[in-house]
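The structure under discussion appears below in the form of structure tokens.
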Amino acid sequence: MFYAHFVLSKRGPLAKIWLAAHWDKKLTKAHVFECNLESSVESIISPKVKMALRTSGHLLLGVVRIYHRKAKYLLADCNEAFIKIKMAFRPGVVDLPEENREAAYNAITLPEEFHDFDQPLPDLDDIDVAQQFSLNQSRVEEITMREEVGNISILQENDFGDFGMDDREIMREGSAFEDDDMLVSTSASNLLLEPEQSTSNLNEKMNHLEYEDQYKDDNFGEGNDGGILDDKLISNNDGGIFDDPPALSEAGVMLPEQPAHDDMDEDDNGSLGGPDSPDSVDPVEPMPTMTDQTTLVPNEEEAFALEPIDITVKETKAKRKRKLIVDSVKELDSKTIRAQLSDYSDIVTTLDLAPPTKKLMMWKETGGVEKLFFLPAQPLWNNRLLKLFTRCLTPLVPEDLRKRRKGGEADNLDEFLKEFENPEVPREEQQPQQQQPQPQRDVIDEPIIEEPSRLQDSVMEASRTTIEESAMPPPPPQGVKRKAGQIDPEPSIPPQQVEQMEIPPVELPPEEPPNICQLIPELELLPEKEKEKEKEKEEEEEEEDEDASGGDQDQEERRWNKRTQQMLHGLQRALAKTGAESISLLELCRNTNRKQAAAKFYSFLVLKKQQAIELTQEEPYSDIIATPGPRFHII
């Protein structure tokens, strides 16, 4: 049984849903509007009794049918209301009959009602103005700057006592000035302190006196009726410090007829002869002048009058007038639109499908012309083997030969072949035999020997320049090229000239061992072009090594070994030529950048490790001297 009993009962929660699923015609419009789909769906999702899947499917069908009926009824009501509104507001249609084309006067006229304007106005006390404007009214303390009663600087200028910021004792009583203004000295600390208990009797006595009675006595130190610092400023009877000041009578504030500075200066030492305050220290240094704190006003009303504040009008930024930009071409012509429609190059691309098999995919990746001389037929995962393969396929021609060949200055064929076959092999030294005449032979009869290095050639050329200048024939023009199979004949020197050339070295004084400064040019005898060629060649080799190995340690060691061998060969030639016993690293690294100096220093350390040279240094950070080691001529 795929349904439950409560579904079929007329009182069940899903009775209307089941009826809509199986007998839709039995449902009336009232039944549809009474049905609550939300509660019905909740009952289907979480039923009280387990239902079969087919039963829940039937109930969902009933829910859809009831929802469809509700939507259909709503659409019908909307259409009916729309038609009625449209019919009611048709243009040109008057619903009035023929006899009632004119409207009644009362229907189109508003009644005139004159109100009684003689009613008394409400009392002003009924309106609570303070309550309405209390939010917009600020307190006096918030909008008024705090102003201290001016401190009199006369007391501080004339050493009337120690009036520091921390003094709490009031000046001696009974001191007043004759025919002077009422001088009140208050500091920030005195205003904020409470009166002490020792002056309570004095405060009670002073409360009964008027302002003008305080200054009756003219003598200093006799009267006990008043003091310079009025206790009423300290007491709390007249309000807070920042409250409105009490109204003073005109007789209370007296203006001085003449300044009393002269009298006060004369009586500095005599009048105030009483003891100082216990907090003061003798001798008392005069306090700096504070003229900004003294305020003397001639009128009582202007005592607390503030200066008017300028009304600052907020400046409004002037709006920049917008510039109307109109396109010159407002519409596209038919040719442009047709060209855009016919151009479909941006949505069409070539079909590039991957090969169906992995082998074809590999052939496609490695079968291009750019990969033929770079990758072997089989994949080599070892980086060193791959580099050896590419090295064999792409022979390295020295840069100097390449440039000489391009410039039309190539030497004979066997010299070019020797450098082509062994571009990286360090060449052995060949002792120059300049003074021994050799018979001229053909190229075929000569044995194949290695060409001396460029460094040795430069040393030899520097030594025989003077000899060849007198015996060399004039050079041929630059446009004439040498033939590949011929060697230029050596200049024939008569034996008389040879004897004359051999005589001058005998007459020279004995040679002295050259200095380090003379030794360094022997290592730096390479021409500028040769140096540039070697530098470019080293940079290319470093880039190739970095690209191929990716930081392989073996390749790094190989590159350093090559630089070390070049340094050793240069040292051997230079020391053999000059006869020096040592060489300075500082002189060797002169006129070089930081990278080249570091490479030479590292080469020295490697040669020291191999016992090819010996390094000595007198003190830290001083020059390093290199001398030949036990294996200097063996390596």
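Cβ atoms are placed via backbone N, Cα and C, with glycine included.
Note that this is a predicted model, so its numbers are computed, not measured.
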Of SER39, SER153, SER463, the residue that Swiss-Prot annotates as phosphoserine is SER153
Which candidate, of SER138, SER175, SER334, SER470, Swiss-Prot gives the annotation phosphoserine
SER175
Which whole-number mean pLDDT does the model give the region 'Interaction with NIPBL' (154-171)?
49
